[in-house]
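Undergrad: First, the structure itself, so that you have it in front of you.
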């Protein structure tokens with residue numbers, strides 16, 4: 001990804017974040033002086049205002065509940081300690097965001113700052129109160145964490161899945177609400193199709209998301225697990241993993257069709273149709289499943305895309321629509 005494309009993605013995510021809760025100076029949804037949202041006023045708070053009239057509260061840290069929609073499960077203790085030192089030296093510049101649920105404050109955004117404040121031994125933290133329902137809070141949690149590089153892909157994928165399951169929506173709906181590409185959601189969620197032991201390796205950083213994606217076309221879970229362990233033990237690169245998987249799929253294809261290919265025939269195929277072989281591999285990696293290309297001497301032929309169930313068929317169908325057709329690099 002170029003710096004230009006990365007910048008464009010960050011700007012889109014920033015727009016999505018602003019659309020959810022407004023800018024920090026936006027008064028909409030804020031508490032006015034003396035007002036108690038939903039008729040409730042948790043104790044232990046003090047108020048202050050800034051030049052724009054935005055009210056902030058100084059809340060006891062032990063009265064703030066965690067965000068139940070936070071996709072992050074692990075927080076780097078060294079980063080929290082470093083942030084705590086910065087807060088002690090320079091004070092907290094940006095308030096955290098909270099909402100009121102059943103008379104208690106619940107975190108919306110800023111869990112790292114809250115943890116660092118507690119680590120620094122402080123009793124209170126500056127916060128802004130917003131009115132937000134569960135769906136809005138879940139969306140903000142997803143966007144906030146998408147912009148962080150250290151959130152592992154499985155945590156991101158699980159946050160997408162939970163949102164889609166709870167709100168009975170499609171990937172397109174979520175992408176539109178978050179102002180991100182549908183392919184970002186689809187590619188991450190597909191990783192959840194892998195066996196749990198492979199996902200454990202990915203979460204632990206033993207293999208990368210690129211390795212995991214390369215394993216998806218393999219239909220046998222045990223083979224996926226064995227290959228993942230091989231990648232970890234032998235430190236195989238992503239490119240080499242893609243080649244390894246392609247060879248495995250080719251061997252499986254030969255076995256399924258019962259072809260008895262001699263070494264001479266294999267050599268002839270490599271000499272006469274390297275272009276077809278390269279395109280076939282390209283299609284396989286794009287669609288994440290077995291793809292066959294048959295071509296005749298007259299230039300005619302067919303492309304066969306295999307699928308294992310209705311869900312995989314729907315995924316492939318969506319990829320082939322005009323709106324989200326994958327950009328294939330034709331090997332030459």
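Just so you know, glycine gets a Cβ as well, placed from its N, Cα and C.
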Undergrad: When TrEMBL marks a stretch as region 'Disordered', which of 234-254, 255-275, 276-296 is it?
TA: 255-275
Undergrad: Give me the DSSP three-state residue breakdown of the domain 'ParB-like N-terminal' (57-146), ordered helix, strand, coil.
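TA: Its residues divide into 39 helix, 24 strand, 27 coil.
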